[in-house]
Amino acid sequence: MASPYPEDPSLERHFKGHRDAVTCVDFSLNMKHLASGSMDSCLMVWHMKPQSRAYRFAGHKDAVTCVNFSPSGHLLASGSRDKTVRIWVPNVKGESTVFRAHTATVRSVHFCSDGQSLVTASDDKTVKVWSTHRQKFLFSLSQHINWVRCARFSPDGRLIVSASDDKTVKLWDQTSRECVHSYCEHGGFVTYVDFHPSGTCIAAAGMDNTVKVWDVRTHRLLQHYQLHSAAVNALSFHPSGNYLVTASSDSTLKILDLMEGRLLYTLHGHQGAATTVAFSRTGEYFASGGSDEQVMVWRSNFDVVDYGEVTKVQRPPATLASSSGNEPEVDFPVPADRDRTQESVRSRPQEPISVPQTLTSTLEHIVSQLDVLTQTVSILEQRLTLTEDKLKQCLENQQLIMQRTAP
């Protein structure tokens with residue numbers, strides 16, 4: 001039975017294996033894997049099961065800047081400073097297809113909720129949308145006038161939001177491919193943006209040390225937080241929509257209570273900038289990465305709602321709140337007898353729809369096999385193209401030799 005009071009977040013595990021700053025993290029749907037990318041050009045896939053070996057995927061020729069698991073968890077996309085995107089089958093073989101997505105560093109990759117398309121953002125000032133299978137280019141969004149740091153699909157896939165060094169956040173309609181609105185309230189580069197799980201709001205982080213939350217229907221600024229003492233590099237919504245976690249160059253993570261519009265916790269773990277943070281799909285855990293080359297996994301604890309139900313509860317944040325006050329700071333290890341003075345934010349879960357477990361498992365297995373099969377076909381097609389190119393080159397060389405040796 002859940003405790004009536006929230007507990008402090010706790011550091012569960014930390015992974016060491018990267019040889020340079022960690023730039024990005026993402027959990028798989030089933031929580032079995034955690035992916036991370038680094039300035040060391042490698043992608044790591046960590047097993048959440050203790051004493052399991054991690055996979056190190058090498059393929060990118062420069063820093064890995066972004067990672068994202070497909071909704072099924074059977075594909076993994078990564079973007080790099082080498083201007084390419086790779087789509088991996090995250091198993092021991094570590095096979096991938098690669099395509100040159102942009103003419104400059106790829107800063108962001110994100111799968112649509114149906115897994116059929118992928119949005120990328122780049123220093124070439126564009127946002128591009130691709131089909132997941134065969135990586136076919138679909139369309140480009142190009143109204144930003146500086147590097148685009150981040151682009152994300154809305155939960156229903158109808159909208160795309162992007163954040164840029166031109167100090168704007170832009171909201172796009174995927175069907176019309178038009179910019180619906182530009183949010184210009186940030187005083188510096190906008191480093192990260194994401195949709196609230198309900199799809200009704202967006203939150204953006206900036207170099208001006210702030211986090212802002214807007215309503216995408218009215219475009220009204222709902223909340224403004226100035227809590228960090230340095231740039232905010234990343235953020236992630238809890239699946240319930242009640243909380244937001246942020247990562248900053250001031251080396252801290254902060255947990256915000258969106259219902260109350262206040263800071264819940266400040267977490268000290270990284271030595272140096274905290275560069276990335278992401279909740280797991282249930283919200284039971286969140287992971288962070290930093291310039292200290294470490295990946296840390298934290299147990300949330302503060303949300304006492306049953307994690308099996310939490311993804312069904314998606315309330316938008318409270319109306320406009322501005323916060324810059326001091327709240328509890330947590331240094332690890334956390335004292336066991338810390339006073340519990342904060343009220344828990346409890347949500348009433350909706351009644352779950354009953355689906356036979358065997359049917360669900362069978363459907364998930366079919367989807368996973370289709371994902372892997374299609375990706376395998378793409379890999380084989382790429383290899384075939386390379387083989388054909390090599391054969392053509394050999395034939396051309398033979399013809400040249402014959403011409404030279406002819407009397």
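The backbone N, Cα and C atoms fix where each Cβ goes, glycine too.
All TrEMBL annotations are machine predictions without curation.
Annotation comment: TrEMBL describes 15-56 (among others) as repeat 'WD'. In the repeat 'WD' (15-56), the DSSP tally of helix, strand and coil residues is 0 helix, 22 strand, 20 coil.
Confidence in the repeat 'WD' (57-88), given as mean pLDDT, stands at 96. Marked as repeat 'WD' by TrEMBL: 57-88 (among others).
Tertiary proximity for the repeat 'WD' (99-140) is limited to same-chain residues at least six positions away from its ends with a CB under 8 Å from its CB atoms, namely 65-72, 75, 77-81, 83-85, 87, 146-153, 155-157, 160, 162, 164, 172, 174, 177, 371, 374-375, 378, 381. Per TrEMBL, repeat 'WD' is recorded for 99-140 (among others).
As annotated by TrEMBL, repeat 'WD' applies to 141-182 (among others).
Among the features that TrEMBL reports, repeat 'WD' is placed at 183-224 (among others).
Among the features that TrEMBL reports, repeat 'WD' is placed at 225-266 (among others).
Sorting the repeat 'WD' (267-298) by DSSP state (H, G, I as helix; E, B as strand; all else coil) yields 0 helix, 19 strand, 13 coil. What TrEMBL lists as repeat 'WD' is 267-298 (among others).
Sequence annotations record features per position, and here TrEMBL assigns region 'Disordered' to 316-355.
For 336-349, the entry in TrEMBL reads compositional bias 'Basic and acidic residues'.
Beyond the ends of the repeat 'WD' (57-88), by six or more residues, the same chain brings 20, 23-30, 32-33, 35-45, 94-111, 113-115, 118, 120, 122, 130, 132, 135, 364, 367-368, 371-372, 375, 378 to within a C-beta distance below 8 angstroms of the stretch.
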